[in-house]
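Enquirer: Before anything else, here's the structure in question.
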Amino acid sequence: MVMVVLFLGWIFVWIMISTNLYKSKWTPELAKYLNTTYFGPRGINLVLLTVPMMFIAVLSCVYLHVQKKPTQTQREWKVKGKMGRVMMVMNPLGIVTFTELTFSLLFVALLFWALYNYLYSSYHIHLHNHDNAKIWQAKLRAFGLRIGYVGHYCWAFLFFPVTRASTILPLIGLTSESSIKYHIWLGHISNFCFLVHTVVFLIYWAMINKLTETFAWDPTYVPNLAGTIAIVIGIAIWVTSLPFFRRKKFEIFFYTHQLYGLYIIFYVMHVGDSWFCMILPNIFLFFIDRYLRFLQSTKRSRLVSARILPSDNLELTFSKTPGLHYNPTSILFLHVPSISKLQWHPFTITSSSNLEKDTLSIVIRRQGSWSQKLYTHISSSIDSLEVSTEGPYGPNSFDISRHDSLILVGGGSGMTPFISVIRELIFQSQNQSTKLPDVLLVCAFKHYHDLALLDLIFPSDISVSDISRLNIRIEAYVTRENEKPEITDDRRLLQTKWFKPHPLDSHISPVLGPNNFLWLGVVILSSFIMFLLLIAIVTRYYVFPVDHKKGKTYNFSYRALWDMFLGCVCIFISSSIVFLWRKKQNREGDKESKKQVQSVEFQIPTSSPGSWFRSHERELESVPYQSIVQATSVHFGSKPNLKKILFEAEGSEDVGVMVCGPRKMRHEVARICSSGLAKNLHFEAISFNW
């Protein structure tokens, strides 16, 4: 309730900040108390727009640490059941739920409200015309200025979705990977506003013969050159983030996006320290997350083994600490320095942290240049590979037993998230009192050898008793082959490679160890308090004396640089101290965990059951894998009739539908579930469009 009240108050300030009432009456009164000699003109925005969100971030860490997971799960899914219904499916927005549509419309309304108030103030109350231009020219300038203000609103939310270890997103049932589309939407809107802002000012300066203003750097006011540099960088990031570059030219998209640091620096220098405080919370939290991810990535992860499947897929198995917990559909970011010094790629985790205490597995499909190089590396004669990891990242809670039945629809490698879902059900089946849903896995593959992915559904050391309560049916569709091909060479079916441990290897663990959320709250709180203290000291004893010397004003850009510099210093100091302290505390546990990992490394089989490629006469080596074959129906030369499959589940009261795969498949399932013809279908899409 405290967080809700703070958030509503924060939104209220954003609603009012564009009004003449706020500017002419509230601001002068607030300035008397908040714009002190310790914080200067940034005091109002710091107190009203920065402090509340930072306080929410700290409270959310405590909340996520002490919450009871079953209670939270029920509450979260109750909200999703009412407001998570699909409302529309259309490009380029994709699948839009009722909640997303509602908040999107409210946000757009806020932007139009702000633009209306700003223009009303400029056109009807006070029109700035210092250049003695014509009235219509001055109004054009005012429009360009105000549309830039609207773009600034977007920047207050822009970095929340890309904060991977965010503690704010889980409060509303979101994860970073599911929120990327919000970052994309906000990026499009803000860059469009800034582009219009730039073009209007260029036209205005051209009309009054002052185009040189484009490159002016006023030490006491807004530096135009900083804005020019920022928009050039912004356009480069914007253009290369369009779908063509993001999907076809990933390297261009990735490396151009690394310019975001320069973009922020020049943008903040352009808008100044007071306006920087309006958008500070999401940037501050993003850089805390980014630096902690950097600290985690400096460790070399222990790669135990790799299985090369005949379907151009790799399964990599890492060692992890038993205390590392993650939920199904989580992802892990992977970095292989021998392939690329900068690139990180996300991959689906197929293991269950409850079922497999000491290992973590991911599946990688060979399809891009990076994964092609990795596949070649693994397939060669190497016996060691340097790998760094970030994560895991995923939903804070995941209750899959709430449904009477579960339909999992996957296309190609899109079925890999469901491996972790099924393994989690296997773990839950060990509790005899847990009611398990009936599971229907519908998967479509291009070729018959892709069926090898189904061999990964059960862990290698599973027993018959572990899966006895699991009621699973698999409908597999091979779309580009009309019959089962003849397999003559069993040796090429699967290879398993073991990697020698390296002295610098360490198991995957939470970046701040056990109680990760609580210690993240300590980092956020300590770094922000340190930031406030240093800003107060610098402003009072360095900036303030200069401002009050006769005829002098402290440099406008330097104020913003101080804020950015001190913010980075505080994040660096606080995060480093907590990280090193926690690393020291966990050192003994790490040694013990490494011993445990060594004892279980050899549980992964060195040969595949080959259940999809052996002849019918040959006896299957593993009864659990035999269970997969018996539960599977393979259909050749056709695609699944999703409408028929989903409507046939109408007999169950509550059917959970999850889909992951090509966009067309996700959209088709979403349209069926939102059609209203089957009210018992509860839809959720899993998309990893980074």
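Glycine residues also receive a Cβ, built from the backbone N, Cα and C atoms like all the rest.
Marked as transmembrane segment by TrEMBL: 47-66, 87-116, 150-172, 184-205, 225-245, 252-269, 275-292, 517-544, 564-581. The domain 'FAD-binding FR-type' annotation in TrEMBL covers 296-399.
Tell me about the surroundings of these features in the structure.
Expert: Here the transmembrane segment (225-245) has Cβ contacts under 8 Å with residues 92, 184, 187-188, 191, 194-195, 198, 214-217, 252-253, 256-257, 259-260, 262-263, 266-267, 269-270, 557 of the same chain, all six or more residues outside its ends.
Within the chain carrying the transmembrane segment (517-544), a Cβ under 8 angstroms from the stretch's Cβ atoms is held by residues 37-40, 46, 54, 57-58, 61-62, 64-65, 165, 167, 284-285, 288, 292, 554, 559, 562-563, 566-567, 569-571, 573-575, 578, 582, all 6 or more beyond its ends.
Long-range contacts of the transmembrane segment (564-581) within the same chain, counting only residues at least 6 positions beyond its ends with a Cβ under 8 Å from a Cβ of the stretch, are 264-265, 268, 276, 280, 284, 287-288, 291-292, 295, 511-512, 519, 522-523, 526-528, 530-531, 534-535, 538.
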Enquirer: For the transmembrane segment (252-269), give me same-chain residues lying six or more residues beyond its boundaries with a C-beta closer than 8 angstroms to one of its C-beta atoms, as numbers and ranges.
Expert: 155, 223, 226-227, 229-230, 233-234, 236-237, 240-241, 245-246, 276, 283, 342-343, 557, 560-561, 563-564
Enquirer: Counting only residues 6 or more past its boundaries, what in the same chain has a CB within less than 8 Å of a CB in the transmembrane segment (184-205)?
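Expert: Distant Cβ neighbours of the transmembrane segment (184-205) are 93, 104, 111, 133, 137, 140-141, 143-145, 147-148, 150-152, 154-155, 157-158, 161, 211-214, 227-228, 230-231, 234-235, 237-238, 241.
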Enquirer: Take the C-beta pairs under 8 A between the transmembrane segment (150-172) and each of 47-66, 87-116, 275-292. Which stretch has the highest count?
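Expert: Between the candidates 47-66, 87-116, 275-292, the best contact partner of the transmembrane segment (150-172) is 275-292.
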